[in-house]
Structure formats: C-alpha cells, structure tokens
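According to Swiss-Prot, the protein has these features:
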- Cys38-Cys64: disulfide bond (DISULFID)
- Cys50-Cys69: disulfide bond (DISULFID)
- Cys54-Cys71: disulfide bond (DISULFID)
- Cys65-Cys91: disulfide bond (DISULFID)
- 24-92: domain 'LCN-type CS-alpha/beta' (DOMAIN)
- 1-22: signal peptide (SIGNAL)
Amino acid sequence: MVKSAMKIVILILFVLLIRVESKRNGYPDISDGKSSTCRTTVEDSEEDFCVNVCKSIQGRTGNCCLGTCFCFDLPDEQKIVDVMDTTIEYCEWDEEEEEE
C-alpha cells in the first residue's frame, strides 16, 4: 500500500515538473518594453515587415495591428509587451478574418 502511494506521489511530481513548451501571441518586446512600429521599406509592405520581424524572433508569422507588429506563436522565452486582453483578442480576431 505504501509503495503504490509513493509511486503515485512520484508520478504526480514528475508530471508537475515537466516543462511544456507553449506558443503565445502578442506584441514582442523588441527594446526597453516597446514593440516594433509597423513601417514600410522599399522591399516590404507593412505586413511583410511585421512577418519578417516576427520570424526573426522565432514567431510563426505576424501582422500590423493598431500600428505595431503583432506576432503569432512566439516562444516562451520571448518577452511580450503588456497590453489589455481586448487588444490581444482584437489582433487575434483580425488574423482569423484574414485566414478565411
């Protein structure tokens, strides 16, 4: 009985200690708590610029949302700028609309 209880405790601890790699969306913290402002270059539109910014920090893609580059599927170690949840929801919704 004690051995099986110990096995259960060890199993629970093991499960809790497993680090799960998750992806998240947001405005990446590029420098000093600020994200990258959308801009065009000779080669890129605003959208292409943001895609390049996001991919350079291991994001899946990005777009220009409310004047700033918003990235999708950023790695956990990438800092993101704190913004209201409604802003994040709007930018995520905007991406879903583009995919349809």
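Glycine too: its Cβ is placed from the backbone N, Cα and C atoms.
Shown here: features listed in Swiss-Prot, placed on the structure.
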residue: Cys38; record: disulfide bond; CB count, 10 Å: 20
residue: Cys50; record: disulfide bond; CB count, 10 Å: 26
residue: Cys54; record: disulfide bond; CB count, 10 Å: 24
residue: Cys64; record: disulfide bond; CB count, 10 Å: 23
residue: Cys65; record: disulfide bond; CB count, 10 Å: 20
residue: Cys69; record: disulfide bond; CB count, 10 Å: 25
residue: Cys71; record: disulfide bond; CB count, 10 Å: 30
residue: Cys91; record: disulfide bond; CB count, 10 Å: 22
Spatial separation of Cys38 (disulfide bond) from Cys69 (disulfide bond) - C-alpha basis, Å: 6
Secondary structure composition of the domain 'LCN-type CS-alpha/beta' (24-92) [DSSP: H/G/I, E/B, coil]: 19 helix, 20 strand, 30 coil
Proximal residue to Cys64 (disulfide bond) among disulfide-bonded residues Cys50, Cys54, Cys71, Cys91 (C-alpha distance): Cys50
Spatial separation of Cys71 (disulfide bond) from Cys91 (disulfide bond) - C-alpha basis, Å: 9
Nearest-integer angstrom distance between the alpha carbons (Cα) of Cys54 (disulfide bond) and Cys65 (disulfide bond): 13
Whole-number mean of pLDDT values that fall within the domain 'LCN-type CS-alpha/beta' (24-92): 90
